[in-house]
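Here the structure is laid out as structure tokens; the discussion comes afterwards.
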């Protein structure tokens, strides 16, 4: 016997799915995925064996939820700015589809659940470090730095660079020098990554009133700083090998990927175009993903010739 689904039920289900997608959009899923990926790599690098499943799943979920909570607050604070920019005008906080109160409640639920998961399945160090990262992004970067200085992405970049240290702490209960090397890599990667985006979206940022480097200092100044920070980033990526935490598999990957990033930065500096800046931005995401994947492969298949 076949029963028909009532059209009102279908409409209600469709609205619920749409609302779920809108709430998910507040968490900036693509950015969150990259952050959690780096945190998971940090977990595996913290131990010579397998990460315990409860820590892996519970810890990653907790970091994911707190990251999503921070991004939701970011969307809330910048809702008027987002409404002015073509890149972000579709966000539910900017359109008003999700209200201020709903966003605050949503962020509080995500943050509370994330803290609980980290307390239960990881440890209190990870819980408080992740909460500090939440405050660093949602308050220090979003509210204080971003509207105040063109160096916002440099000064405030630490919060976005923390995921590997959070993952490491979840497994080891400490944050040693090796974990801070990973943080430094992301910290130095962030300016050239973000400034490439800001260059080809500079009209949007000029309209928003945010003091982004291409708007306040111009194209050539920004291109020079992308090139300089790329060189600093490449130097930072060599630290895991120099310190002995990685072997030649990682070194080869770091040098090859660094050469690719430097080539993009140099081409941008010599012959800028919005299309090339967009390609550089996209490559920077691939770069970080492959670099951390190489760290993981090297960790389990380290090749260091015996002297």
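Here the Cβ of each residue, glycine as well, is placed from N, Cα and C on the backbone.
The transmembrane segment annotation in Swiss-Prot covers 31-51 (among others) and rests on sequence analysis.
Taken from Swiss-Prot, the feature transmembrane segment applies to 53-73 (among others).
Summarising the annotation, Swiss-Prot assigns transmembrane segment to 103-123 (among others).
Within the same chain, residues 59, 62-63, 66-67, 69-71, 73-74, 77-78, 111, 114-115, 118-119, 152, 155-156, 158-160, 162-163, 165-166, 169-170, 173-175 sit at least 6 positions outside the transmembrane segment (125-145) and bring their C-beta atoms closer than 8 Å to a C-beta of that stretch. What Swiss-Prot records for 125-145 (among others) is transmembrane segment.
With a threshold of 8 Å between CB atoms, the same-chain residues lying at least 6 positions outside the transmembrane segment (153-173) that come near it are 35-36, 38-43, 45-47, 51-52, 55, 59-60, 63, 67, 70, 118, 122-123, 125-126, 129-130, 133, 136-137, 140-141, 145-146, 179-180, 182-187, 190-191, 194-195, 213, 292. Look at Swiss-Prot and you will find 153-173 (among others) tagged as transmembrane segment.
Long-range contacts of the transmembrane segment (179-199) within its own chain (CB-CB distance under 8 A, at least 6 residues past either end) are made by residues 38, 41-42, 45-46, 153-154, 157-158, 160-165, 168-169, 205, 212-215, 219, 222-223, 225-226, 229-230, 232-233, 236-237, 239-240, 243, 245, 261, 265, 268, 272, 274, 277-278, 280-281, 284-285, 287-288, 291-292, 295. Feature annotation from Swiss-Prot assigns transmembrane segment to 179-199 (among others); the stated evidence is sequence analysis.
The transmembrane segment annotation in Swiss-Prot covers 223-243 (among others). Listed by sequence, the residues of this chain that lie at least six past the ends of the transmembrane segment (223-243) yet keep a Cβ under 8 A from its Cβ atoms are 177-178, 181-182, 184-185, 187-189, 191-192, 195-196, 199, 213, 250-251, 254, 257-258, 261-262, 265-266, 268-269, 272, 280, 291, 295.
Taken from Swiss-Prot, the feature transmembrane segment applies to 246-266 (among others), supported by sequence analysis.
Sequence-distant contacts of the transmembrane segment (285-305) (same chain, at least 6 residues past either end, Cβ-Cβ under 8 Å): 34, 37-38, 41, 44-45, 164, 182, 185-186, 189, 193, 237, 240, 246-250, 253-254, 257, 260-261. What Swiss-Prot lists as transmembrane segment is 285-305 (among others), and the listing cites sequence analysis.
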